[in-house]
């Protein structure tokens, strides 16, 4: 296959991913674990609801709300669809003063003319924007290995503020054309971090981050972790619909629900590191988001629920969904007597079920529950 064909394949694949997310049920068949996390209701909150402050600080910036619009797309065929999605999300992020990411910029690195599909500064001059490259592209065994040049291009071409490195071994392992070269990625990221002038966020894409991986990432200076846990969109599920043969379909189906649930991943990363956490993975309501914040996350990240209005260019539709989450978070905070996110991390939590069973075998659960702040 020639170079041109490989470039086109990347762009076409991005379009197929969007299409399947919109038209198919690509949700995990299991929950993200937050049903096992319980707030203790306070009949006397001792605060006024309208005094609750939802602002958070992250990588030197202050944001009005603890919600992160997760990266979804960019570089799709014709670029128009991806551009519309990203600009719609960016307008919403600009209005609410919350951060957002773009989808993988691999297509842009290969075909620079697709850069406009990621560019949102014309509609969102102040938004905190996170670029996005894949971890396998930094492997020592991959052809056309990425380094400082590509990382700078990803950030500076779209005037981003930080770079996410997405770790998606599950998706790549079940994708027909997947990149399964991961040897030497940690060393490459350590070298990149030593030279790179922007923050780097390590990001999973639906299978969660364990405390072992989190500790390694913290040791090389990574600035934050997006846990991207199990319980939301299954990228193995997406690849099931893209598979070309029965073996490929069977493989993707078998691993549809592989991974670490989001709630568990948040707890492990918070227990083992002092890094800021973005809790993505099946975040579909403000109560679950408030639980993630109480467990130590700085943001709850959301993607798929915003995709349908974003495809239509419906900025108000995106904002409406986000405002619903915001009000649900605020209400949960009121009912546990938390004036701000810092206080929310100190309210009592009760963890039950599978999540408790897992965490009791993996961490000192009582110690974690006593100290959930950064």
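Glycine is treated like the rest: Cβ placed from N, Cα and C.
Annotated in Swiss-Prot:
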- 13, 14, 104, 105, 106, 171: substrate binding site (BINDING)
- 71, 72, 73, 104, 132, 203, 233, 282, 283, 284, 303, 304: FMN binding site (BINDING)
- 172: Mg(2+) binding site (BINDING)
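Structure with Swiss-Prot features highlighted.
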| residue | record | Cβ contacts under 8 Å, 6 or more apart |
| --- | --- | --- |
| 71 | FMN binding site | 100, 101, 102, 103, 104, 130, 132, 164, 166, 203, 303 |
| 171 | substrate binding site | 178, 205, 206, 235, 236, 238, 239 |
| 172 | Mg(2+) binding site | 136, 178, 179, 180 |
| 233 | FMN binding site | 21, 26, 27, 28, 206, 303, 304 |
| 283 | FMN binding site | 32, 232, 262, 289, 292, 300, 301, 302 |
Alpha-carbon spacing, residue 73 (FMN binding site) to residue 105 (substrate binding site), which is rounded to whole Å: 9
Extent of the FMN binding site in Å [max Cα distance among 71, 72, 73, 104, 132, 203, 233, 282, 283, 284, 303, 304]: 23
Helix, strand or coil at residue 171 (substrate binding site) [DSSP, three-state]: helix
Neighbourhood of residue 105 (substrate binding site) by C-beta distance under 8 A, where only residues 6 or more apart in the same chain count: 74, 75, 118, 131, 132, 133, 154, 158
DSSP three-state assignment (helix, strand or coil) for residue 106 (substrate binding site): helix
DSSP state at residue 303 (FMN binding site), helix/strand/coil: coil
Secondary structure of residue 233 (FMN binding site) (DSSP, helix/strand/coil): strand
